[in-house]
Every structure is written in structure tokens, then in C-alpha cells.
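Have a look at the structure below before the remarks.
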């Protein structure tokens, strides 16, 4: 959409958002009409066709763009979670600023003429770190999450007494745009089946929000038994490959009267590192939607726009083995990770138009894309060389290794250090018993990288060393479990490592603040560190480069690199794992880049091995499946100091 047209549309929608907040709330209602199996909005029959978008996966400056595209697609509502850990990073410390400004997002939804279906948890899944629960809950190691454990309920009550009053003015009957609120999330898939816990939550919602707001639950068909609760409207979730008739028939056993609701109709699926990129065919998704709409059902499409797991926010599953989720949350959704309409969107819009009016006019085109590079990175230094800056308070000492949670390290990395108590001449097995590495350990002896020990593997490393040799183990938290009957997912070294027949003790733990180093120290002129002859293991690389023209959205491609973390101008883009796949590029929104000759800085923490030429490129198309062949556009080997982004920039789309 051209900027002028976008501005006009927003000005037309502005009166609606203001109207939503006017004190005429007593005439507004959203209720279940059980006699006619439907919803009523202000007394009139109503059916929502909704889509999921997560504000915490989309930078704030892009909220309006994504929401307007959803409205133009024919949706009349959006559904989204509220991740507790995103807003209460430490007990009693709350953050609702910037991209965490929930009220601003509700207002943007109102500007786009979208009603809201809110899912505040406390547990959300969402393939998000620890399912949205804050990891500081695990500082009490015996806590039972998602149960009526008094410690857990006390933390939930404290959080909801902050959150729910904020959203109270935005309830539909109060003049806002929130028509319904979900209690918990797919609780029937959890092992506890604690109805006392669910009743406590329902009572808390009612006490803080009143009796008028519609409260509901969502579960897969197998979870309805433990997930539903009297007094909460029961909904179900399933995808296009599932038997709609069978599932809705089962739903009627729990909710005999009222509208049929699929709260998560899957337009795609998530990706795990090491597995193929997931897709769902356009024909299957559109056919399933049309069949549900013919039944009069209300439907939310999960996801309509997936977004990105920036930083360390991805979650993980455990299906026989630990499965961390990729940085991209594209989800094969109707709106791509970069915010572009896909063929799936146009097909879904055609289906929706058969059942309700859709906004007139063409959908906005794809955003401009940019190509740049290759950019040659310079070696900054080994991670161990910056230890004083990474952990300015110094180490924590303990006989046995301590977990991330015990030392209050929520995300990222922690270094464990001990010293060899005797000389080892022959290669000697090193391992951590009982799968006690959560999640990946990068092992070094006197600064020399030895290899990796990880959560899913039983392989051992073989080490040698002298009396007093320094044994360093950098442990990476790859994301806490986010779904299902998961137990508490502690991170770090859960068991003391063993070298030969010796249990290693006398540990120092260094909780690392890598983001602070990248953001505040690396822009300064740091002293020169001695470079290793053949760098391997956890090492920083960096490069400043100008973009001479205007900027566009782009995708960072790291051919030959192994695994690590990337920052652009101090912003943590997230993890790359080129060697594992399927994701090969990282989405870089254009607002992160400085145009017209200003210097940009890219920083990599490569954890294992670097390519012979430490180069990266910025592409105009993503590569989300490593098994697919990249259509390579010829890139001239110009240095980043002279390449103008305005020349190779072109629109990418359909």
C-alpha cells in the first residue's frame, strides 16, 4: 500500500477506535446464544473469522502494517497471547514499554477495525520460551507449574492483579475491542489435570474482570476431558488434515449448545532445527476453512502472520528427544515472516468473501527488499578474552555446578570453569551423566576448543591436559520446553561432569551478559586481543558497513558458518544454525538498518567453526528449507564500503 493510501485508511479507521472507548458501553454486548447456536454482538447474530498474530514476535513499528493487512484479508478479529515472561522479567518488575506495550497494540487493532480474542495464560505455549511462564519460577526447584501449588498460584495471582486491570477498560462491554478471553491454554494436554487450579483461575478472572466478559477454553480433541470446565465456554483446535465432523461431534459432548468454534485452525506449522520446513497446501487450508464456515462456525486461523523469535525467545518441544524451535516463526502463514501477502492469503480472502464482506480494493504489495554483499567480517576475539566484560561481577563459586535458574541467569549462555587436578596424558572420556547438559556445551581446555556435548547425544569427548589446566564449558540455553506434559526445564549442567573416573568439582559459574557487551562495549575501541592461529570455538566476529542508498527488508545469509547468535546494530536477531537447518537466513526488518551512508554494524558469536572466508550476504528472499535450491542472483564481489543498496534493491513477491 502506498504511504498516502495507508494514511488515508488509518484516518478513516481512527473514529472507530475512539468510538470503542466512549462511555456508551452499556449498549454493547458479546454473548453466546445457546438457543440458536451462535454468538450475538450487540444483539445481532455474529460470527468471527479471526487470525493469530503475536505482538511479541513483530517489532512495534510494524504492528500497524501487519494488522491492516489482516483486516484487508477479510478478518474481523485477531487473536493473540500475552506472554508473562515478556512482561515480568524478574519478580515484581514489570515492562509494558516499546514492543511490550500491550495497550498500544490493542489500540492499533482498534485502528484496524479488528475485534480481539485475548489469551493471557498464564501458560500460553505459542512455541515461546517456557510457554510464556517466567523462568524465575524455577528458582524454587520443587514448584509444580500449572497446578494449585500455593507457590505457583501466588505468583499467578500477583501477575494477573497487574495485567487484568490494564485490560479491563478494553473489554467490549466497557467500550473496548476485547470480546472474549481464554483461560489457560490447552490445559488438557498437560499431565496434571488439576481442576482446582482451573477453578482458581476462573474465579480470579471473574473477580478482576467481572461477569460480563465471555471466558473460554481451548483444547485439542484429546484434551477436552481435562481442559474444559463448567462456566467456561469450550472450544477446540484442529487443522485441515483432521476430521472436522468427528471433532465437532466430540465438542458437542462438552458444549451441547452454542456456536462451534475452532480456536486454532492451523494454516501451517512450526519448524524444528534439524527437520524440514513445514508447509500446508493452499487447497487444503482453504477447503477446511470453507467447510467450517458453511457450518456457521467461528474460526481463528493460527497463524495468520507468524513473525520471528528474536533474541533467545524460541521455545522447544520434547518428542523422544529435545527439539528446539527455529528463529523464524514464518509458520507458512498467509502473511510471510517479512509481512508480505502470499498466495494462501489471496485464496483465503476469496473464501471469506463468500460469507461476509471484505474491504474493497487491492491488498498492499510486498515491502521493498534489499540485497547486499558479500560482507567480510573481521575477527574480534575469543569469547574467553572478554570474560571480565561479559561477567563484570565475577564468578559464583560452588563445589558442584549450579543451574542457570540457581544463579538467576534466565537466557543465553553461562560459562562453567574448573581446573584439572592431575595430568592426563592419554585421551580420556569426558561426559555429563543422565543427559545432564541442558542444552549444548562447548568444551575448551586452556582455551582450545575440544568439541560439543549436547542434550540429545550420548557421545563422549576425549580430553588431555596438564595438572592445573583450565577446563571451560560454555553452556547454551536453546529455549525451554513450551508444550505438553513437560516438567520444569532447568538449564545448565544439571549433573557434575565426569572425566575418566573423576567427578569434577570446585566450579566457577560466569553468567554472561553478551547482549550488553555487543550493545555497549563493542562500539568502543577495545584493546587488541591476541588472535588464535586457527580460531575455533566461541569467537566474536564483526564488521561495520555503510548502505549508500535507501534500505529495504532483507535476509541475512551465513553460508559456511556453523552455529551462533547475530546482532545488527546491537539488536539481537536470534540464533542461526546453518549446519543443522532448515533455516538458512535470518529476517532483518529494514528499520534496524541505517541508510544513506550511515555505518551499520553486524556482530556474530560463532560457537563452533567459521568458513575459510568469513563472509555473510544480505539476500532479497528467505531460505527457510535447506533442502531447497537457492535461486542465486549474481552478486558482484564489491566491498561493503562501496556497494550501494539502491542498485540491487527490487520488489520481491508474487
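Quick reminder: no glycine exception, Cβ is built from N, Cα and C everywhere.
Straight from Swiss-Prot, the features:
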- 186: active site, proton donor (ACT_SITE)
- 264: active site, nucleophile (ACT_SITE)
- 97: N-linked glycosylation site (CARBOHYD)
- 243: N-linked glycosylation site (CARBOHYD)
- 1-27: signal peptide (SIGNAL)
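Feature annotations (Swiss-Prot) mapped to structure.
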{"residue": "97", "record": "N-linked glycosylation site", "CB count, 10 Å": "10"}
{"residue": "186", "record": "active site, proton donor", "CB count, 10 Å": "23"}
{"residue": "243", "record": "N-linked glycosylation site", "CB count, 10 Å": "11"}
{"residue": "264", "record": "active site, nucleophile", "CB count, 10 Å": "24"}
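Checked against residue 264 (active site, nucleophile) by C-alpha proximity, the recorded positions 97, 186, 243 yield 186 as the nearest. Following the DSSP three-state reduction, the secondary structure of residue 264 (active site, nucleophile) is strand.
Each residue contributes its Cα atom, and for residue 243 (N-linked glycosylation site) and residue 186 (active site, proton donor) these two points are 19 Å apart. According to its DSSP assignment, residue 243 (N-linked glycosylation site) is coil.
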